[in-house]
Each structure stands twice: as C-alpha cells, then as structure tokens.
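Okay, so TrEMBL annotates it like this:
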| type | residues | note |
| --- | --- | --- |
| TRANSMEM | 12-31 | transmembrane segment |
| TRANSMEM | 69-89 | transmembrane segment |
| TRANSMEM | 101-118 | transmembrane segment |
| TRANSMEM | 138-158 | transmembrane segment |
| TRANSMEM | 170-189 | transmembrane segment |
| TRANSMEM | 195-223 | transmembrane segment |
C-alpha cells in the first residue's frame, strides 16, 4: 500500500479503535505525581520551577481578577507543550496537528472569556466593537469588521497552531526522505541534507514551545480585554 506524507496526521488505530485518546493522556503520565512532601526529588523541583515560571509569564499581563484563570491557563500550557514536544519523537502521533482538537480547545476558552466580559462589564466589552471618535458614516462598517475579527479569533488560534505544527512535520519528513534516498547515490549531498535536518529539528523544538506559549498567551490577552 502506498503511503503519502499526510498519512502521518491520521489518527492511529489498533483493531479499529482510535488511539488518539492515549496520545492525549500519555503526556500527563510523564509528570511526577505529587506526594506528601512539597519537593520529592530533582525532577519535582524542576517541574515546580518550570510551572512557576510559566504562571508568572502568563499572569503578568492580567489584573488580579484574571488570576483565577491561572490553573486553567497553566494546565493548558503544560498540555500543549508536552504534546507538541512528544510529537517530534519518531513513531509518535501529535494530536495538536488535528484542527478539530485545536478548535475544541480554542472555542470554549475564547467563549468563556467573551461571556465573562459580557457578564461583568457589558458596556466596556461591547465598546470594543466601536472605537471612540469614529465618524458616523463609518460606524456600521467598523462594527461589522470588529465583530468579524472578534468571531474569527478562535478559528485563528486553532489554524495557527495546526498550520505551524503540520508544516514542520511535513518539512522534517520531506528532508528525511531526501536524506535516505540520496545516501546511496550522492553521500556528500546526503550528509549536507542530514545537517539541514538536524537544524530543522532544533527549530521545530523551538516552534513547538513557542506555539504552545502563543496559544495560551493570546487567550490571556483576550481575557484581559474582558475583565
């Protein structure tokens, strides 16, 4: 059976049962479980330091009212980060390359920030749709444009994460295929391609971390607008 480059993005299955749930739950199993002590070993110390760093970065642009979201945003950040990084390992599946999953994460959280603003300060939230000092003739057009940009935010969140990870995986597979193909015919060119592959892999590790951070950071900025 001939396989295409996009077959790596199809959900793996065993005996007809999709294994995407295991791929989503497995990253959480790598985190050390809490015990009776605050710090059990070096791994727990590193985990607490990393979570503390992420929480500080995410909560800095938020007011004190938004600190209630610290647990949700930090947990989402850790989940996306582990899922993106583990997806770069060989013979693994990256759930965050699925647009349906990314939209399932983006849409409810974006809607929660929007409903929070409409409940607590409806006039301020609706005021974002019309900048102050707008000419009368431009009011209908600006309201339509701002409403469209507001509604397209969850789609932009999901598509951005999906597109970046999908493009990176495709580039890695294309260059790795070229490396193995050229190994027998042009070994020098194959070694150069292998060097490019290593550099691209390092870049993709950075992209996986940055995209997880950008996804959660944008949600925190949307939250800041509504609190």
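Placement of Cβ uses the backbone N, Cα and C atoms for every residue, glycine included.
A TrEMBL annotation is a machine prediction, not a hand-curated record.
What's the neighbourhood like for each of these?
Sequence-distant contacts of the transmembrane segment (12-31) (same chain, at least 6 residues past either end, Cβ-Cβ under 8 Å): 47, 78-79, 82-83, 86, 92-95, 98, 101.
Among residues of the same chain six or more beyond the transmembrane segment (101-118), those with a C-beta under 8 A of the stretch's C-beta atoms are 20, 24, 72, 76, 95, 124-126, 150, 153-155, 157-159, 161-162, 215, 219, 222-223, 225-227.
With a cut-off of 8 Å between Cβ atoms, the residues of this chain six or more beyond the transmembrane segment (138-158) that come close are 99, 102-103, 105-107, 110-111, 114, 128-131, 215, 218-219, 222.
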Mind checking which residues of the chain, 6+ beyond the ends of the transmembrane segment (69-89), have their Cβ under 8 Å from one of its Cβ atoms?
23-24, 26-28, 30-31, 51, 54-55, 58-59, 62, 95-97, 105, 109, 161, 165, 169, 172, 201, 204-205, 208-209, 211-213, 215-216, 219-220, 223
